[in-house]
């Protein structure tokens, strides 16, 4: 049986470029445990240029092969690609559209599902349409006096708000606001990251995460895990990834009533199926002191760094990551 030529594409053009390289390390290590795959790791830089781990400049062609700038090297045919890219152009759905165009099978959610989840406004509209509770919000499409006034009114009404760039990941362009004097400046900063901004009511709640993935034809939702930050903080980019982070994670959240845990998992599966996600996702919830469940966001290519929850929750659920990848990839290629 011939090996599968698997392109592990990582990097990308977002603020999460370096994080995706860490996630790619985990994928590379997991894939190396199987004898089925020839893996070529290629980094997509912030300017759209491709380079192998060995430093060879290259490109992915419409003929589904890696072509090297050094023409003495033979092109490398690609059977399958894992776009391990957090943020643009991976989780935004852009690169999946290209894969679809050249008919290259790939791991993860398809283009439309990725785009719908990455845009926080679109995602919340989907959550509501599916009947899944989520945080109160308003959205803004330009930075002007009216936007400032609407945000001031939201702050007065809700007491505390989050101002978020609508199309960024990992808490990039996300600001907690309690002081009305900071509204204008924060809005300006948020619009610097995206053309649309969402303003959400601050929810005092536990932050729970569920790994949701396809396994042998079934959609699996793990028990909720939990992110625990210092009091009066939220899970910022630095809290997620900095070595000095004081946040901690529990692979299985403690003291969550069984019926609440099951409802969270049911909502997670409903969101996965309803938004037509594929292969994997991490779905994040708030759980208030009154046991109110609110869907926060969906990550269509969750991190797989040493501190990331998705691989830990999958393993805790009894599934091996290498076996999981092999099942998905082989099943997809067999269906071609």
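Numbering starts at 1 and runs along the chain as it is shown here.
Just so it is clear, glycine is given a Cβ too, placed from its N, Cα and C backbone atoms.
Residues or ranges marked as ATP binding site by Swiss-Prot on the basis of sequence analysis: 154-209. On its own chain, residue 175 (ATP binding site) has 162, 163, 164, 186, 189, 190 as residues at least 6 apart in sequence with a Cβ closer than 8 Å to its own Cβ.
Every protein chain considered, the tally of other Cβ atoms within 10 Å of the Cβ of residue 284 (Mg(2+) 1 binding site) stands at 22. The Mg(2+) 1 binding site feature in Swiss-Prot is assigned to 284, 297.
Around the Cβ of residue 297 (Mg(2+) 1 binding site), the number of neighbouring Cβ atoms within 10 Å comes to 18. Positions annotated as Mg(2+) 2 binding site by Swiss-Prot, on the basis of sequence analysis: 297, 299.
Restricting the average to the domain 'ATP-grasp' (124-330) gives a pLDDT of 93. The domain 'ATP-grasp' feature in Swiss-Prot is assigned to 124-330; the stated evidence is sequence analysis.
The binding-site residues 154, 161 differ in how many other CB atoms lie within 10 Å of their CB, and the one with the most is 161.
If you take the CA of residue 299 (Mg(2+) 2 binding site) and look 10 A around it, the binding-site residues you hit from 161, 168, 196, 284 are 284. It is 14 Å from the Cα atom of residue 203 (ATP binding site) to that of residue 297 (Mg(2+) 1 binding site). Each of the binding-site residues 182, 196 was scored by the number of other CB atoms within 10 Å of its CB, and the largest score is that of 196. Sequence-distant neighbours of residue 168 (ATP binding site): residues of the same chain at least 6 apart with a C-beta under 8 Å from its C-beta are 14, 15, 87, 174, 193, 194. In the three-state DSSP classification, residue 175 (ATP binding site) falls within a strand.
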